[in-house]
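> Below is one structure. I have some questions about it.
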Amino acid sequence: MSPPAAIFEPAVAPSPSLKAKVLVPETVPASGTSQTHLLDHFGGKWDDFKFAPIRESQVSRAMTRRYFQDLDKYAESDIVIVGAGSCGLSTAYVLAKARPDLKIAIIEASVSPGGGAWLGGQLFSAMVLRRPAEVFLNEIGVPFEEDPANPNFVVVKHASLFTSTLMSKVLSFPNVKLFNATAVEDLVTRPSASGDAKDTQIAGVVVNWTLVTLHHDDHSCMDPNTINAPVVISTTGHDGPFGAFCAKRLVSMNTVDKLGGMRGLDMNSAEDAIVKNTREVAKGLIIGGMELSEIDGFNRMGPTFGAMVLSGVKAAEEALKVFDQRQRECAE
């Protein structure tokens with residue numbers, strides 16, 4: 001179940017430059033109607049204001065106790081999503097809503113989840129999504145603008161509005177845990193009965209603090225931790241320091257012969273190809289988003305986000321198709 005939305009009076013404010021209309025009403029707090037009546041509660045009382053007393057060790061214990069409860073709970077997960085960009089978060093949203101019984105762990109190397117979806121292209125703030133990706137915006141309640149003269153795409157006034165809304169919904173699900181500032185260093189594997197590396201079963205991920213991962217070359221060895229899961233979904237983006245990690249690891253494991261390598265920018269070709277081909281590329285490992293372009297040699301798409309969102313939807317669908325079978329195989 002989605003978390004309850006804050007109740008505000010709607011105020012529609014489309015961008016005049018786009019000659020647009022907002023198809024999902026924007027919501028801003030109306031003066032004097034704050035749901036929590038914060039000014040009524042605190043206003044004019046600051047001279048007597050005081051926080052409840054606390055001892056520093058209470059904070060340390062509460063914080064670490066809660067975190068280690070999550071570590072213990074999600075050490076055996078049902079699905080692990082690697083990468084919390086627009087594709088990974090969309091995947092998590094669909095999965096958590098469809099299957100509240102599944103434990104879903106999201107691993108994100110950065111302190112701040114969201115990947116490149118905090119801004120549009122070239123550090124511009126607006127986000128463009130080609131139709132029919134606006135269906136997902138309606139699903140999560142993100143307002144967007146459309147231009148009647150250009151009906152094939154919609155515009156979100158700030159990419160951060162999309163990312164923050166999606167992230168808040170994902171993290172509100174009780175069956176989802178985000179481990180940020182955490183890097184995936186390797187994959188947990190199981191050999192196939194035939195011994196063929198191409199049939200290797202993926203059975204989880206090997207993790208470490210990102211700061212440790214970044215300094216393996218200049219510090220003494222620091223062993224990692226593990227999370228078991230019958231299905232891993234990798235959405236780490238195109239090649240980079242942490243990008244396309246699982247795709248590259250499949251090659252070094254001989255599960256995939258070689259990477260296709262991302263081609264030049266072609267929005268029309270790239271977005272359709274990424275969504276249609278999001279799939280299980282190895283037993284227990286589904287790859288979506290721009291990471292898939294490194295496997296299959298698809299074009300890059302640049303600053304248009306519809307394929308990232310809908311690749312996430314398809315990744316969730318693919319995961320649900322194979323979950324029961326992969327769970328049985330991993331239990332053997």
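Quick reminder: no glycine exception, Cβ is built from N, Cα and C everywhere.
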> Going by Swiss-Prot, Cys87, Glu108, Ala109, Gly116, Asp223, His238, Met290, Arg300, Met301, Gly302 bind substrate; tell me which of Val155, Val156, Val184 is listed for that site too.
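The candidate from Val155, Val156, Val184 that Swiss-Prot ties to substrate along with Cys87, Glu108, Ala109, Gly116, Asp223, His238, Met290, Arg300, Met301, Gly302 is Val184.
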> Looking at substrate and its recorded binding residues Cys87, Glu108, Ala109, Gly116, Val184, Asp223, His238, Met290, Arg300, Met301, Gly302, figure out the farthest C-alpha pair and report it in angstrom, whole number.
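For the residues that bind substrate, the greatest Cα distance is 37 Å.
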> What is the interatomic distance between the Cα atoms of Gly302 (substrate binding site) and Cys221 (2,3-didehydroalanine (Cys)), given in whole Å?
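For Gly302 (substrate binding site) versus Cys221 (2,3-didehydroalanine (Cys)), the Cα atoms are 38 Å apart.
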> Which has the fewest other Cβ atoms within 10 Å: Cys87, Ala109, Val184, Cys221, the recorded positions listed?
Cys221
> Just how many other Cβ atoms lie inside 10 Å of the Cβ on Gly302 (substrate binding site)?
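Its Cβ has 15 other Cβ atoms within 10 Å.
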